[in-house]
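A.B. asks: Heads up, here are the entries from Swiss-Prot:
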type: BINDING; residues: G71, T72, N150, Q178, S198, G199, H200, T236; note: pyridoxal 5'-phosphate binding site
type: MOD_RES; residues: K201; note: N6-(pyridoxal phosphate)lysine
type: BINDING; residues: C324; note: [2Fe-2S] cluster binding site
type: ACT_SITE; residues: C324; note: active site, cysteine persulfide intermediate
Amino acid sequence: MSVIYLDNNATTKVDPDVVEAIMPYLTDYYGNPSSMHTFGGQLGKAVRTAREQVAALLGADESEIVFTSCGTEGDNAAIRAALLAQPEKRHIITTQVEHPAVLNVCKQLETQGYTVTYLSVNSHGQLDLDELEASLTGNTALVTIMYANNETGTVFPIEEIGKRVKERGAIFHVDAVQAVGKIPLNMKTSTIDMLTISGHKIHAPKGIGALYVRRGVRFRPLLIGGHQERGRRAGTENVPGIVGLGKAAELELIHIETAIKKETRLRDRLEQTLLAKIPDCEVNGDITQRLPNTTNIGFKYIEGEAILLSLNKYGICASSGSACTSGSLEPSHVLRAMGLPYTTLHGSIRFSLCRYTTEAQIDRVIEVMPEIVERLRALSPFKNDEAGWLQAQEQTLAHR
């Protein structure tokens, strides 16, 4: 049974061309790029080429690219750098729907005397820019907001946000881990000061990422040690990972226009067909301002985990919109922030496509999903009894 992988917002397949580019740096070219000898110099050249490739994808200058180990490091580095550069300012603005790499840092900073404003979202997952405007003060050091939400695909009006942030003199950081390769970017004309990307979301290996730091932005490094990355990120460079990220960035730039069209068409077909065939389901998130590859659908009166287990039997990989873990039945913080009813929250499934997704794969999901939902609803003691479902959820949460 072949795998149908529709969980690309979690991670992506490494492109074969990326694997080919990496291999020599795992076998033949193993020197240290900081070394003075020719062998090390070859590695230094490879790192410079990759930096240029990443810069081209972002519409940035290569001197503005700092290689990191992942998106989480990039987010941490950007947030800490912004605060260290402005020690007199103690206020941060973010949103309720950020990735934990941002939210948990902000929560920790609250214990260190910082004040954090968590902007709300509406039922479509969009921000109220008037709330942002009212939250900005002269004490605001940093505004950190994701470009696109990883669960719903909702895209925020980043340039409008950035314009308001810059008018108030704060640093603007954007977690673009989900946006890069799915939305064309041009940092040369952007209001963004710092921007995070992660390799494994764009068909590069895990363990490599990059942080864009606009020229002129004061930057204090998170990792202290050697002189690597022009003193902005200490530690011997992960050359194979960097080469892989560079190649992946080059490929994303080549394929982005055709990928957007293909993914949008396949996503819309999947979404519209499931909505037509399955009663009591709805799309979670903004259906106009969103990533081309992402749909999050709530199937009422059943658990998302049960849907995922059923899909898994057919070799179909997706993700639950519910962040349920052992011992907890609380759904994802993103969907809760949107104010969705429990009947939808718990049965939400995210399908996230990529340029490798095929028509036949979408056909297969369309074929099996109606039967899965019908069977699970038949097993549910509540079926379409919304009051009974809500009562059961309240009782469960009351005994946690």
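The backbone N, Cα and C atoms fix where each Cβ goes, glycine too.
It should be emphasised that the depicted structure is a prediction, and the values quoted were computed from it without experimental measurement.
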A.B. asks: If you measure T72 (pyridoxal 5'-phosphate binding site) to K201 (N6-(pyridoxal phosphate)lysine) at Cα, how many Å is it?
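C.D. replies: So the alpha carbons of T72 (pyridoxal 5'-phosphate binding site) and K201 (N6-(pyridoxal phosphate)lysine) sit roughly 13 Å from each other.
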A.B. asks: So if I draw a 10 Å sphere around the Cβ of S198 (pyridoxal 5'-phosphate binding site), how many other Cβ atoms end up inside it?
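C.D. replies: Other Cβ atoms found within 10 Å: 28.
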A.B. asks: Which state, by DSSP, holds Q178 (pyridoxal 5'-phosphate binding site): helix, strand or coil?
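C.D. replies: SS state of Q178 (pyridoxal 5'-phosphate binding site) = coil.
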A.B. asks: Including all protein chains displayed, how many Cβ atoms other than that of T236 (pyridoxal 5'-phosphate binding site) lie within 10 Å of its Cβ?
C.D. replies: 11
A.B. asks: Please compare the recorded positions H200, K201 by how many other CB atoms fall within 10 Å of each one's CB, and tell me which has the fewest.
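C.D. replies: Comparing Cβ neighbours within 10 Å for the recorded positions H200, K201, H200 has the fewest.
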A.B. asks: Give the three-state DSSP assignment (helix, strand or coil) for T72 (pyridoxal 5'-phosphate binding site).
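C.D. replies: It is helical.
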A.B. asks: Out of T72, N150, Q178, which of the binding-site residues is least crowded by other Cβ atoms within 10 Å?
C.D. replies: T72
A.B. asks: When the Cα-Cα distance from K201 (N6-(pyridoxal phosphate)lysine) is computed for each of the binding-site residues G71, N150, Q178, T236, which gives the smallest value?
C.D. replies: Q178
A.B. asks: Mind telling me which of the binding-site residues G71, G199 has the densest Cβ neighbourhood, counting other Cβ atoms within 10 Å?
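C.D. replies: That would be G199, with the most Cβ atoms nearby.
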A.B. asks: For the pyridoxal 5'-phosphate site made of G71, T72, N150, Q178, S198, G199, H200, T236, how many Å separate the two farthest Cα atoms?
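C.D. replies: With G71, T72, N150, Q178, S198, G199, H200, T236 as the binding residues for pyridoxal 5'-phosphate, the largest Cα distance is 30 Å.
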